[in-house]
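The following features are taken from Swiss-Prot:
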- 1-21: signal peptide (SIGNAL)
- SER66: active site, acyl-ester intermediate (ACT_SITE)
- CYS73-CYS119: disulfide bond (DISULFID)
- GLU164: active site, proton acceptor (ACT_SITE)
- LYS230, THR231, GLY232: substrate binding site (BINDING)
Amino acid sequence: MRYIRLCIISLLATLPLAVHASPQPLEQIKLSESQLSGRVGMIEMDLASGRTLTAWRADERFPMMSTFKVVLCGAVLARVDAGDEQLERKIHYRQQDLVDYSPVSEKHLADGMTVGELCAAAITMSDNSAANLLLATVGGPAGLTAFLRQIGDNVTRLDRWETELNEALPGDARDTTTPASMAATLRKLLTSQRLSARSQLQLLQWMVDDRVAGPLIRSVLPAGWFIADKTGASERGARGIVALLGPNNKAERIVVIYLRDTPASMAERNQQIAGIGAALIEHWQR
């Protein structure tokens, strides 16, 4: 009998993680899909090992929206590490280079901004013109997609510039990723030798300094927890966040959540993402 019991335990240990995971986060996601009348994609990944802890529609495509700006600045930092770029280099631009929602770059038409300042604006304030100016330095959308392929991401693709890339048409593969691919790419940028240790810390700090993510996971974060994140939004039923989370002010897990094809208001989308985040945190603390 003891031998049989040991065999059963060994067999259970080989089953996919989803079998063991508490259903609570997944139940919250299913509830969110019902309330949103749309689709939710999510993955929770251990930062150190890359192990998937929880997943839902993790291999389905979702619009990246402004979450692509983290990958963009990762590509910029890779060029810095290679000696092809400098964060201190000043970029000058004109009024016609500005697009909708450029709260930082619109104030610096006269003096321009450095590459580092543009990355900070793109991530912390989601400045769209800053993102376009940076995109030009890496070869545009095609150049950023090529960078993704070079680091082993064969799924994520950027096809357009701000602000067209936020169109989020149903069934459109342009400017999309999957939760699993985005999480794996973010992990590569922050833990592998794709970036120097200095560049990894800089990318993480820009995400820590995010100033436009308040209504999402930050709104349910317990005291003393770490968060670094980047959000994305579309007027056509999409919303997203990529984040690093952990208790004791340590980044331990990557969480990626995307919504698409929902008629819900932006406030409702924010609330649902916050609810999923709260469920993950509660499950984590058990």
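Every residue gets a Cβ built from N, Cα and C, even glycine.
The Cβ centroid of LYS230, THR231, GLY232 marks the substrate site; residues of that chain outside this set whose Cβ lies within 8 Å of it are MET65, SER66, THR67, LYS69, VAL70, SER126, ASP210, VAL212, ALA213, ASP229, ALA233, GLY240, ILE241, VAL242, given in sequence order.
In the three-state DSSP classification, LYS230 (substrate binding site) falls within a strand. For the residue listed as 'active site, proton acceptor', the spatially nearest entry among the recorded positions SER66, CYS73, LYS230, THR231, GLY232 is SER66, judged by CA separation. Spacing of CYS119 (disulfide bond) relative to THR231 (substrate binding site) is 15 Å (Cα to Cα, whole number). Here the Cα atom of THR231 (substrate binding site) is found 6 Å from that of SER66 (active site, acyl-ester intermediate). Annotated pair CYS73 (disulfide bond) and LYS230 (substrate binding site), C-alpha to C-alpha distance, rounded: 12 Å. Within the same chain, residues at least six positions away from GLY232 (substrate binding site) with a Cβ under 8 Å of its Cβ are PRO63, MET64, MET65, SER66, THR67, PHE68, SER126, ASN166, ALA238, ARG239, GLY240, ILE241. Note: LYS230 (substrate binding site) has non-local neighbours SER66, THR67, LYS69, VAL70, ILE123, SER126, MET207, ASP210, ALA213, ILE241, VAL242, ALA243, i.e. same-chain residues 6+ apart with C-beta under 8 A of its own C-beta. In the shown protein chains, 27 other C-beta atoms lie within 10 A of the C-beta of CYS119 (disulfide bond). Around the Cβ of GLU164 (active site, proton acceptor), the number of neighbouring Cβ atoms within 10 Å comes to 12.
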